[in-house]
Amino acid sequence: MIILIVLLSLIIIGILANYSGKLVEYIKLPSLIGMMIFGMIIGPAFLNVVPQATLKIAPVIKDIALVAVLFIGGLGISLAQMKQIGRPAILLSAVPATLEGFTIALMSMLLLKFSFVQGAILGFIIAAVSPAVLIPSMIDLINRRVGQDKAIPQMLLVGASADDTIAITLFTTFLGIYFNTGSISTQLLMIPVTLVLSIGVGYLVFKLTRGIIEHVSNDYLKVMIAFGLCLAMRAVEKYGHVEIFNSLLTVMVFGFFIRNYIVDSSKIILDKMNLIWKTGKLYLFAFVGMAINPTLVGEFFLIGVGILSCSLFVRSIGVLISLIGTNLSLKERIFCVIAYLPKATVQSAKAAIPMQMGVVGGEIMQAIAILSVLITAPIGAIGIKLTSDKLLKTEN
């Protein structure tokens, strides 16, 4: 009976999320805004009509959709583009998030009377860019051949996939400092170790499975094997608690190697993965919306807006610093700043952790993290949609 209720609720959520997305597209807004608002309305924050059993499996469904879109992202990056974007992509993965996180730490000391460590815990919840918002938008640009002359969407894809690793590792580091557990130097050393391992695991999985993927003649079986491996890598990290590598980055690396070394298979896989994503995005954005509770923001709205305004300004400077030495025009640099604004996935997942662990001021951290999603997700998504064709070149 429970299985039937879950299946029925998922069908209804999928249909209504689809219509919600189409509805906001009529007023020239990104469909994900409609899907997230729909999720927020039917979720625990407002109507609370989603069965508990469905909410319990929501993280798994979000993971499947997120893995799908990152795999598609990897399949969209060529070797020539990777050589072109390498240095700025690496800088984009570290500089904006680090600057923003420490800015929030300092602002929290001034406005919230937090200690530096408390402020840094909040800072690195908020500092991560949202792969759920940015990556689908960049894939859309790749498909429409926008910004391809300088591989700008690919650069932002790669930067964003590693950005989360750094922000989450620093969040964990400062939580450890707060509770006096673990060595700071060991935690910081884990950042490069995690990135190198993530890339290495993606390459190793490709090498071990290349022959199978290449020689399977049935297209659907080929896709099932490749996507199944991606889901397995995610499961090992998240559900096996092997957190020494970032499975989302690994999935993108795996897709990158398929794209460049099994070209014929990659085209087949990409076509089928795009079909999976069409359904997956309905649930990803609806469930992200369900995880957001605007009623918690309350009295911290004005202080939160002040902190976020300063942090986003500094984050934008970090993006511009990362692009020094590239051949991007001023318009293209401005687009990169806009694309790097949105927050959603990490913040909705991590917002409640400090409070649950007993960090003083945890309820304030949760409120401001949720506020960061409410402000930046729509601004970033709408900004990308409105400015991409104006600020970037479109290839014929």
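Positions of Cβ are set from backbone N, Cα and C atoms, glycine also.
TrEMBL annotations: computationally assigned, not manually curated.
Looking at 156-178, 340-362, the range annotated in TrEMBL as transmembrane segment turns out to be 156-178.
Stretch with the largest number of CB pairs closer than 8 A to the transmembrane segment (242-262), among 102-135, 156-178, 282-314, 364-384: 156-178. Between the transmembrane segment (33-51) and the transmembrane segment (218-236), fewer than three CB pairs separated by 6 or more residues in sequence fall under 8 Å, so the two stretches do not touch.
Remark: the transmembrane segment (102-135) makes no contact with the transmembrane segment (184-206), by the rule of 3 or more CB pairs under 8 A. Panel annotation: around the transmembrane segment (63-82), residues 131-132, 135-136, 138-139, 142, 151, 153-154, 157-158, 161, 226-227, 230-231, 234, 238, 247-248, 251-256, 258-260, 266, 269-270, 273-274, 276-277, 280-281, 283-284, 345 of the same chain, lying at least six beyond its termini, place a Cβ under 8 Å from a Cβ of the stretch.
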